[in-house]
Amino acid sequence: MCSKITLVLTLFSSYFISTDAVNGSFPALLAFGDSILDTGNNNFLLTFMKGNIWPYGRSFSMRRATGRFGNGRVFSDIVAEGLGIKKILPAYRKLFNSPSDLRTGVCFASGGAGVDPVTSKLLRVLTPKDQVNDFKGYIRKLKATAGPSRASSIVSNAVILVSQGNNDIGISYFGTPTAAFRGLTPNRYTTKLAGWNKQFMKELYDQGARKFAVMGVIPLGCLPMTRIFLGGFVITCNFFANRVAEQYNGKLRSGTKSWGREAGFRGAKFVYVDMYNTLMDVIKNYRRYGFSNEKNGCCCMITAIIPCPNPDKYVFYDFVHPSEKAYRTISKKLVQDIKNGLA
């Protein structure tokens with residue numbers, strides 16, 4: 001009789017623990033970084049970096065602007081769906097998150113944020129330290145709703161999706177003279193960025209995170225804004241901006257291969273998420289993927305004061321952010337890379 005009770009308790013315990021893994025792998029998605037992932041945290045900040053105004057959100061449910069920088073869902077939402085977790089990743093700073101929201105993951109990212117300490121302060125958005133502090137607050141809430149043991153299991157098995165560097169290179173390095181004043185060449189600056197990114201993930205690791213999906217930056221030289229200001233008469237991609245982006249990505253890629261072997265990251269897994277080449281493939285072969293415009297944004301530009309009628313035909317929705325369809329297109333490969341690298 002005792003052995004039967006033990007068996008039942010073991011099976012029940014196994015079942016309870018397994019509920020922390022969706023499809024046998026990941027119980028939650030926790031997103032950090034910039035506007036590629038931000039699902040509405042900036043709504044509650046005193047900053048001009050806002051995505052909760054028209055024409056953002058026009059493809060979202062009920063055609064409402066939620067704080068996402070795009071026409072609909074952003075990359076963090078789509079990754080959450082691709083991992084089998086949920087279709088919408090809520091912002092941590094929204095007024096209310098249910099226990100279910102907390103157990104399956106939230107977003108800490110902030111549009112305009114960067115890993116360079118200068119970047120977030122320039123735009124008055126959440127700094128890396130702010131996001132880490134929010135993560136600590138999230139863990140306290142998760143422990144209160146799920147219990148300490150289950151909360152620890154959720155955090156250690158969650159995918160930690162990190163997007164940092166786009167604003168640092170695009171704004172702090174190319175858009176302002178701050179990097180030049182600090183005497184930083186592209187090589188030195190991208191080395192510092194990669195180091196700051198590693199330090200940020202170590203702070204998340206120290207709170208229990210173990211599975212990191214580290215996103216490279218997108219082709220910054222091919223953004224509609226870059227093409228207009230630096231692309232010349234034919235508004236081509238800017239080679240130098242792309243070269244710096246690739247330089248940074250190369251250092252991130254190398255880091256994801258070595259950090260997991262360091263004593264300070266014992267038990268952690270890292271996978272590099274190649275945003276640059278997957279999006280560049282869509283830009284170069286846009287017609288093959290069902291787009292009709294790869295150079296201009298659908299809205300919010302000098303060339304598109306009135307929003308286009310169909311954002312699904314545009315690779316970019318505004319002057320820097322991909323459209324939801326572009327995110328869905330590149331996610332097919334990238335989500336599989338995350339699954340393979342962190343399973």
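Counting starts with 1 at the first residue shown.
Every residue gets a Cβ built from N, Cα and C, even glycine.
Annotation source Swiss-Prot lists active site, nucleophile at SER35. The active site annotation in Swiss-Prot covers ASP318, HIS321. Taken from Swiss-Prot, the feature N-linked glycosylation site covers ASN23. Positions annotated as signal peptide by Swiss-Prot: 1-21.
Counting only the Cα atoms, the space from SER35 (active site, nucleophile) to HIS321 (active site) is about 8 angstrom.
Other C-beta atoms found within 10 angstroms of the C-beta of the residue listed as 'active site, nucleophile' number 26, with every protein chain shown included. DSSP assigns HIS321 (active site) to coil, not to a helix or a strand.
Within 10 Å of the C-beta of ASP318 (active site) we count 26 further C-beta atoms, all protein chains included.
Its own atom aside, the Cβ of HIS321 (active site) has 27 Cβ atoms within 10 angstroms in the protein chains shown.
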